[in-house]
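Chemist: My structure is below; once you've seen it, I'll send some questions.
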Amino acid sequence: MRISIKAKIVAAFGTVILLSAATAGIALNGLSDLNEKIEQLVSVSAQRINIARQMPTTVFLLQREEKNFLLSNSEEDMDRFDKGMLARREDFKGILEQYRRVADAEGNRKAAQIEALMTEFTSAQDKVRSIGRIHSNSKGAELLTGIGNDSVATAQEALRPLLDRAENGSQATAEQVAIAHLVRRMTTDWANARIIVRNSLLVPDDAATAAVLKPLPDLLKNISQQQDAIRGRLTADEDVRAFNSFIDRYRAYERITSDAVALALKNTEVKALALSVGEVRAAASKLSQAANELVADAEKGMAADKQAAEATYAQIRMITLSAVALALLVAIAAGAYIAISIARGLGKAVGLADAVAIGDLGRKVEVSSDDEIKDLVTALNSMTANLRATADVAEEISRGNLTVQARPLSDKDMLGMALETMLEKLRGVVTDALSASDNVAAGSQQLSASSEELSQGSTEQASAAEEASASMEEMAANIKQNAENATQTEKIARQSSKDAQASGEAVNKAVQAMQTIAEKISIVQEIARQTDLLALNAAVEAARAGEHGRGFAVVASEVRKLAERSQGAAAEISSLSAESTKIAQEAGQMLGRLVPDIRKTAELVEEISAACREQDIGAEQINQAIQQLDKVTQQNSSASEQMAATSEELSSMATQLQETISYFTVEEKAAVRGAIARTPSSQASPQPASQVAMARPAQASAARRHPAVITVPHKGSVKPNGRDRGVKIALEGGNGPDELDARYTAH
Amino acid sequence: MAVTDTRSFEALTLGLGGEIFAIDANSVHEILDVVPQTEVPGAPPLVGRLINVRGKVVPLADLRIRFGMDCTPPTIDTRIVVVEILLDDEPTVVGLLADKVHEVTSIAGASIEDTPDIGMRWNPDLIKGIGKRGDDFIVIPDIVRIFTTH
């Protein structure tokens, strides 16, 4: 049965979703239950507690109002607190009414009980209210501090003159001092009586008041005795008057004191307090106890409600958790199953694809499940089979069998189409290569022959070039000789030019020397002339001396003659030197003219020399060029020989290629080709081939003999060769090339 | 003109314009080379210039003007002969320009002849006589007269 992956996944997810929905339903149900419980807890139990708790509080407030009532002194305060008490009572009643509304049967019973207790408490408190209002002690105290103190102060004021006179006055009589003493004692007792009365007001209970007031009557009697004693002693009128006024005032005080004592004996505060502490408190505590019981009951009820809510919560939690766990288990199990089944199938498919990727086409995969994975594996298996078929075709081709047929599986089968195309092309290529290798074999043989001839021609060219080179060398030697001679001549001419220049300078110097001589001679001439003049003067003197000067005259005449002679000689030298100067100058000028001529000659010779040198270099270059030519020719020769060898090799390679290509069988043509190859060889016979082959070496040898005639017959022979090529391919291809090879190798 | 003195005398011969003149050697002070000359404007051409002879100013006379000779420029042989003559019985020093001074020689009085009246190039009044010496004629000028007659 086929269950697809989709169906599996849908089933698993559906189960999980259904379980989740069930869980959610259970949880919702539980939650609503819980909600009801909480509602009960909040709206009933909590309110009961709340209201019940207000009861004791109100009772306490009532008691506080009562105490405040008792403690207050003023009438207004009392009214205020009394009103407060009544208000609290109303509050309590209200609270009780509220409680009754939320209470159950037990609660109602308790409420009735509390109401009875409340009535009891109210009646007790009413007593306290009535007694508390009297406030006897406080009134007594008020009496004492108000009117009492005033009367005491006025009374004592009245006594002051009597006391002042004795205590402050400077001239007091003994009588007066005694009176003052008595007055002081009386006032001291009076102060004690006042203290007793005040204490009686402060003491709370009746017995204690009686005890305190016990000494009072004696003390009062004592005071009146003392008053009588004082009156007896008084003599002065003003003193009597003062004392009488004092007595009047004292009587007023006595009345007040008796009132105060009466009030003190009443002791209403204490009675009220006793009531409050005793009867009222008992009632209040009963009431509070009942209220507290009510609170405790309410709390108990609330605890029970809370427990119920908790139990419900635990139950819901339990159910929800187990439902979730179940859903989780189902989901995990289904997921694991689906994942494992897909992973296993895909793993197998991947293994197959990997094998194909590395070229292993021999694998096949089986899958147990029946789903999409199985489809994938089946498709992969068929792909592998197709590839294997294609690989078989390729293998056949690799064995050289080109007769196999490659059919593409579809018009999109790239590999198949490529294989088909490849096969076709390969067939074409092999065929073409075969024919081309045949052509190459023939062509290379012809090339070999031609290069042989080329080699011959270039050898002759080389010998001609050598001869030319020899002649050129001779010529170069002559030119070099010329150049050297010209250089020598140039040097000589240069030297001559220099010498001529030096001669010119020498002549110039000679001219100068002669001019110097002429100058010197002119000096000599001048001296001679002067001497002549002197001699004349001497002669004149001698003549004037007459007879005595005769001897002197002779001397003078002799001197004069000498002078004249030296003058003459000097003149002669002068003229001679002038003449020789002139000649020397001429010689100098001639030399001067000579120098540029010689220089010019030197330059010309130099040019000749340079030309000769250039000629020499040119000749050398020509010589080198010829030698180069010679070398190139020789290289050509060797190259053409090498070419012959290479073409030989090429021919053998072509044969090898033919053999190699014959590996491929191209349809039935393999047989046909062999026939064709053989037929031309038998038809045309090896004769023409050998003739052609023979003719070429013959021509080559002829060319070797007559180098001048090389060009024409060579060209003629090339063209027929070219035409032959097309025909010859098949001929030589069939026959073994060994024969021809052997011949070429021989050459 | 008659020859007043027939005695031979020492004379200084000098050349002037190609002729040889003779001056009494006793009247000659000295012979000088050509010295710088100062022309005196307005003076007679005979003594138109002055020279300095050892600190004394001496008039220079060119006898060639008197004898109507060409006045050639001075040469290397040109000399000045300083003579002392009596003019109005007062010794006066005068420089005479000479183309050349030859020598001091004695001229015999016998050889001196009178000046021929005719055939003379110069004024015979200015010449004392003509002496001979060898083949040459020597003219003896009358210096005083030369300066005194105009």
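Note that Cβ sites are derived from N, Cα and C of the backbone, with glycine treated the same way.
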Chemist: Suppose you had to name the range TrEMBL annotates as coiled coil; which of A:62-89, A:118-145, A:622-649 would you pick?
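Modeler: Range annotated as coiled coil by TrEMBL: A:622-649.
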Chemist: Within the same chain, where does the region 'Disordered' (A:482-501) have neighbours whose Cβ lies under 8 angstroms from its own Cβ atoms, ignoring anything closer than 6 residues to its ends? I mean 6 or more beyond.
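Modeler: For the region 'Disordered' (A:482-501), the list is 591, 594-595, 598-599, 601-602, 605-606, 608-609, 612-613, 615-616.
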Chemist: In the domain 'HAMP' (A:340-392), how many residues does DSSP assign to helix, to strand and to coil?
Modeler: 39 helix, 0 strand, 14 coil
Chemist: Over the span of the domain 'Methyl-accepting transducer' (A:436-651), how high is the average pLDDT in this prediction?
Modeler: 86
Chemist: Using a Cβ cut-off of under 8 Å, list the residues of the same chain at least 6 residues beyond the coiled coil (A:622-649) that approach it.
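Modeler: Residues 444-445, 447-449, 451-452, 454-455, 458-459, 461-462, 465-466, 468-469, 472-473, 476, 741, 744-745, 747 contact the coiled coil (A:622-649) from elsewhere in the chain.
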